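Look at TrEMBL and you will find B:Glu35, B:Glu67, B:His70, B:Glu159, B:His192 tagged as Mn(2+) binding site. Annotation comment: TrEMBL describes B:Asp58 as Ca(2+) binding site. According to TrEMBL, the feature region 'Disordered' maps to B:259-284.
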6 protein chains.
Amino acid sequence: MYFHDKRLQYPVTVDTPNPQFARMLQQAIGGVEGEIRVCMQYFFQAWGNRAPTTKYRDMLLHTATEEIGHIEMLATAVALNLETAPASVQEEGVMDSVVHTVMGGGNAKHAIEGMIHKNLLSAGMAAMPIDSDGVPFDMSHIYASGNIGADMYANVAAESTGRVLATRLFNATDDEGMKKMLHYMIARDTMHQQQWLAVIEELGGTENLPIPNSFPQSSEDQANNYNFYATAVDGSYPEGRWTQGPSIDGKGEFTVFQNQPLGPEPVLGAARPDSGAQKKQIGL
Amino acid sequence: MYFHDKRLQYPVTVDTPNPQFARMLQQAIGGVEGEIRVCMQYFFQAWGNRAPTTKYRDMLLHTATEEIGHIEMLATAVALNLETAPASVQEEGVMDSVVHTVMGGGNAKHAIEGMIHKNLLSAGMAAMPIDSDGVPFDMSHIYASGNIGADMYANVAAESTGRVLATRLFNATDDEGMKKMLHYMIARDTMHQQQWLAVIEELGGTENLPIPNSFPQSSEDQANNYNFYATAVDGSYPEGRWTQGPSIDGKGEFTVFQNQPLGPEPVLGAARPDSGAQKKQIGL
Amino acid sequence: MYFHDKRLQYPVTVDTPNPQFARMLQQAIGGVEGEIRVCMQYFFQAWGNRAPTTKYRDMLLHTATEEIGHIEMLATAVALNLETAPASVQEEGVMDSVVHTVMGGGNAKHAIEGMIHKNLLSAGMAAMPIDSDGVPFDMSHIYASGNIGADMYANVAAESTGRVLATRLFNATDDEGMKKMLHYMIARDTMHQQQWLAVIEELGGTENLPIPNSFPQSSEDQANNYNFYATAVDGSYPEGRWTQGPSIDGKGEFTVFQNQPLGPEPVLGAARPDSGAQKKQIGL
Amino acid sequence: MYFHDKRLQYPVTVDTPNPQFARMLQQAIGGVEGEIRVCMQYFFQAWGNRAPTTKYRDMLLHTATEEIGHIEMLATAVALNLETAPASVQEEGVMDSVVHTVMGGGNAKHAIEGMIHKNLLSAGMAAMPIDSDGVPFDMSHIYASGNIGADMYANVAAESTGRVLATRLFNATDDEGMKKMLHYMIARDTMHQQQWLAVIEELGGTENLPIPNSFPQSSEDQANNYNFYATAVDGSYPEGRWTQGPSIDGKGEFTVFQNQPLGPEPVLGAARPDSGAQKKQIGL
Amino acid sequence: MYFHDKRLQYPVTVDTPNPQFARMLQQAIGGVEGEIRVCMQYFFQAWGNRAPTTKYRDMLLHTATEEIGHIEMLATAVALNLETAPASVQEEGVMDSVVHTVMGGGNAKHAIEGMIHKNLLSAGMAAMPIDSDGVPFDMSHIYASGNIGADMYANVAAESTGRVLATRLFNATDDEGMKKMLHYMIARDTMHQQQWLAVIEELGGTENLPIPNSFPQSSEDQANNYNFYATAVDGSYPEGRWTQGPSIDGKGEFTVFQNQPLGPEPVLGAARPDSGAQKKQIGL
Amino acid sequence: MYFHDKRLQYPVTVDTPNPQFARMLQQAIGGVEGEIRVCMQYFFQAWGNRAPTTKYRDMLLHTATEEIGHIEMLATAVALNLETAPASVQEEGVMDSVVHTVMGGGNAKHAIEGMIHKNLLSAGMAAMPIDSDGVPFDMSHIYASGNIGADMYANVAAESTGRVLATRLFNATDDEGMKKMLHYMIARDTMHQQQWLAVIEELGGTENLPIPNSFPQSSEDQANNYNFYATAVDGSYPEGRWTQGPSIDGKGEFTVFQNQPLGPEPVLGAARPDSGAQKKQIGL
């Protein structure tokens, strides 16, 4: 179960509210690389964890709980960036500042831009669980496979795309408050990448491979498990670490296979009379 | 651009058609761990690849193209497993076999079960781009971030959940044809896990960390990038590789931080008169 | 069954077409607060109504049918606001007016803005069942629970967010035609809020509580049904109507409970050998 | 920011694991009436709250935080109900028990049924953020409008459909552990219905109407804001509290209006030559 | 604007309620081939119609309005088929009839099956705007392109998949009431196919081609507009009406082109230093 | 199975990169009229084809394979149009060019606009499987019904809306490279419209009607299969090819029916005590 402190994990300030940057921040809330995703992913991995020990359940709960605070920080940042967005045409200065802005300022463009966003129409100038294009977050992005190796790689991937996004946001603003908030969040993404890689190391590193390592490799097609399939019509392929030498798991040797059909042309049974097909499909 | 051969990548046969297993196979077509996902993910990573060399674009195209053939194999397997599903109540033997089945057979249960599925109602006994619950595949699962490190980890994660799924399907059937097809696909998932890890190694292994490695770590909060945040109210936390010792990237030292608010309670501006709020929110 | 009159429920005129306002109006068509939602919600509540009398089915049909006419009005308004949006770069005056606009006018900004929208690319300058960000309406927002109390509160909520949206749109335009249309729709939202509250009153007001009132309260945990759970780590909580005094339904007394775990740490069974987990999860 | 305790809010035990009931419980996790919805709805309402006081932000945080613990309880319940679901055909007793079950037991039917579910194929016998049909939760269901009146009615609606669902689940099981868990959750839903109604009362009860009450009613069409629109072709309508007497807000009198078109047939401009229409639409 | 009659378009009776058939009927309500789709598609085509005459707007309104009555019929059919579905385990006879059913009856299997469906958990035994797998209808399936030729073909396609579905449902039931309802709906689908084809004929038949016919064919690549592209690696292709002879629109001659790349390998610019890529992508 | 050539189907060049046009092009990739849709639709139709001959499977594979190359071309075009979009505020010239642009140029407006798009935040300036509003493609748009007649009409519709979109894009740009690419794609859409109509002709033309033609028309309601339903309250209707004369399939005669209810008011059973309804619905 859970507790809260009404203070923020880290200070969130905005020097110059910018509705357009508010929209960009939404990607870090409701985007597929965002904080709702990692928060919920770690929670569902924790709640379904079946390892013989509850150690990994515990650890996941610590970090999932931390992530709620990150969504909260970003939601606060969005609301603060929307503070000056106009809700009505009567609002003082909007029209005037359009001219002003184009000549050197920056707010009016943002202001008008902001008017078409759901953040204003649906939420009254607040954050929503949507991405920077207004697409709501879809919980199918919560990967919790029941295999801790697959889950840890999914977590590394999530924190990698997450940190890439955070650095893009950092580069896209010169607001000091926003840069400070983001420099903190980027640091936490660094730690979280490390953390999931540390679990992989603790679980044995390459011994985890191939995932799942509980399936006997003798049951897979051993003629096709370490060869790169070349599918170019002219037989060319790019040489690299994946075309020769020992495989990464040390259990095979990389080779190259010029791909070709190993099976016949498939023939399905004809459509049946009662199946809603056309007569000619049935042979009538 | 692309070419095809109308033969299959690998033989697909079904000894005993089983509509319920057809539905399970749908997870490997349109599930988030399925083949449409990896196929399209590798294509979009290739088509958007901006490395100074086209080497990685090339390699991704080889494997993306291979994956189309995997979707084709699975679609064929679904169609073959649906061959005996009844489309009409008049169909010979259905009612009789209900009794028969419960006593020892297996088909009638499947048959009736199959009747409610979109595979029959929408597709006339064929595969669809949906998962095992009938949910259509949503292309937001195509991760192509523009950062090759993040993408490679996303690919390892995709092939790991994909191989986990394939082994679950292998375990869930005793049809020899299906087992043979799956033992091939499991092998290809092994190779693809290796392949993306090989790219990470070729790109420098831990030098890739933290992703993106082009963002200067001096710009991130160096007090918070290698410490595990403990969020339990009683101060406990699980010790592990992530709480002490050198970090995985060798650039820091893991420590533990008892989490607490570093920021104040946030205060947003009051609602404005024209913002569609209630009077008491505006202070009227 | 249904009939139509090809005239509009209420006049829809646009003095100055504005493609950007067209986009904002889309929120009232395909947004979650929009007219498709209430129209379909009332229809499905009517069609599934199981009260011993058909009185409420009847009433819901009257209002559901009225709402089709509201979608039609808004769709007309969107089309009229898009009349001057440019479809091609050759269109007279677009480039010229970019300069003009920034200097004082308003159309060119809108025009260019409009070019990226699906309303033009997909619909040829017409309304679509999407929201102001282009997200299609998803029918999972149709709440029809089979419990008339829950449904009436869902309807009050829908008409409340709907009227909030309509007033935001009213404030965002100074087009006289649009203001007139919206002042009518805002009035209808007022009535519909009243109407659903009138049903709650007719059904007994607080006697409806807790919803569903057919479930015996003796079967719920009577130690935990009227106490506010305080989850702050420091034990603080905001006092209000909900922390003391008789409950709203008159069946209990509000109290405060300092939240704490009432259950143990959960322990799930270990992963099984055939479940696609990693060896260490299985204990191998 | 947030803290956790690894113990559960309330005990969760399952006497007889039942994979089918696990699926039904998913509706309370990822269904539109479920706990993810209320949890996230209260968080986003809190984080965007703009009332002049932070009192309502505070209160919402208490309850949002409580709700995380409810998702956790349900996720635990799903995992426990899936413990005996078969992952492989080799599993001891499955085939035998099919016959046994039909003759009087109950598990084998559940077991086979369970095999097609994403909970097994994707999550390895754990809970997922999906509903009872496997549809992932979509965050567009988080209603946080920026208007506290609309939000409170949305919350009452959410807790009403939520409690309806919980009582249906309670009625659908005779497992003592599950009944105990649900009798607790039903109680909390009772309190939460009361709590949001208490806020409405504290804010002035009917003074809140119509929502938003900050929009001057003089600006809405006062000829059409308290009349029931009758749309039946034969002029009939159901009499009720909504057809006569004072309106619920005390600001009007209910009347009946036989609906008819108040506007003309709409005429849109013809399609333009460059708009991708057919020649005959353009008049060529 | 719109009116209703509370009677049904056509009688809906169910001789033997069958919850499983209720689920199948859902495909005709909320499936992509279902009645919500055609209803809303015709409405949006009408409301956005820009032909110089309002004739087609009128006609579309007639049929869109008719389709509301079809959704209503199906919703009624679903509710009637769910009448005997059990809501609780205490319900009389459920357990007994499990044994009975397997021995010859049919209801208990249906009954238990029905328990997991959202139609019961979310809607209390009523229809919902979902398909037969419980997936909510998504309004992106409303095709209204602004081109009347494209729209008419989309309508023919919709009524064709719709009639295919209706015949599959007809074949899947032997309930006399359901067969009667469906034999009516199948007939209406026949008419609607004819109706949209009649519009195409009235607009000039093949003169409509290629759609849009307002785009000058001199502006398209005339070397590539009537040749079948053969993409098989071995150069084979299936001969048919599409490989030789005059084209269907009479404006060209079908030929065959052995496909090959007409463009070079694409080279994108390298990733930029500030773009969140890895160092090696940037060339560092 | 499949092969690739790393060269493009047709040259893709961009004279003046334009991030806003990149967004418009996204509609042709991930829009419902786009190339992913037709590519996957033809593949699934091919893979599930059950005609007694594999001829149509073959033909569909040729064209599905061709379409992959079209997605590739568009993805390349998007990436090239994003080359000059700014990723950071520090980027040289952005602020300066704002003023410049408004005075006569065109890029800075585009550049700033581009900053809020997922193409930059999520993909690092590359194409994504989304539409022009950032909505991800949803695979439910893949129509493959198992009826070849319905499928061919769905394909004609897809290529018609596709060509309409392509001509709108052609009209919206004056970049010579983009116009050349589009003039090629428009030509291919012409051929594909012809190709699917050629299949319909080869299968017998109007003999295909009504679809499915394998369902005996004697089983449909022959009093209601060729009459236009007029639903206007005043009895008016638009005369046309659909109101008189022989039907298109030559099997009936068009007539007009003034629509009226043919069924009674529906009465559902009352809610049951255990169904989670309100007491008054149950009659308590």
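The backbone N, Cα and C atoms fix where each Cβ goes, and this holds for glycine too.
Overlay of TrEMBL feature records on the structure.
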| residue | record | Cβ contacts under 8 Å, 6 or more apart |
| --- | --- | --- |
| B:Glu35 | Mn(2+) binding site | B:Ala28, B:Ile29, B:Glu67, B:His70, B:Ile71, B:Leu74, B:Gly162 |
| B:Asp58 | Ca(2+) binding site | B:Ala46 |
| B:Glu159 | Mn(2+) binding site | B:Val38, B:Asp189, B:His192, B:Gln193, B:Trp196 |
Discussion item. Summarise the region 'Disordered' (B:259-284) as counts of helix, strand and coil residues per DSSP.
Written reply: 4 helix, 0 strand, 22 coil
Worksheet entry | Cβ-centroid neighbours of Mn(2+) site B:Glu35, B:Glu67, B:His70, B:Glu159, B:His192, 8 Å, sequence order | B:Val38, B:Cys39, B:Thr63, B:Glu66, B:Ala158, B:Gly162, B:Met185, B:Arg188, B:Asp189
Discussion item. By the criterion CB under 8 A from chain A, which of the binding-site residues B:Glu35, B:Asp58, B:Glu67, B:His70 would you report?
Written reply: B:Asp58
Item to complete: Across all the protein chains here, work out how many other Cβ atoms are within 10 Å of the Cβ of B:His192 (Mn(2+) binding site).
Response: 27
Worksheet entry | Cβ neighbour count (within 10 Å, all chains shown) around B:His70 (Mn(2+) binding site) | 25
Item to complete: Just name the binding-site residues among B:Glu35, B:Asp58, B:Glu67, B:His70, B:Glu159, B:His192 whose Cβ comes within less than 8 Å of a chain F Cβ; none is a fine answer.
Response: B:Asp58
Discussion item. So if I draw a 10 Å sphere around the Cβ of B:Glu67 (Mn(2+) binding site), how many other Cβ atoms end up inside it?
Written reply: 24
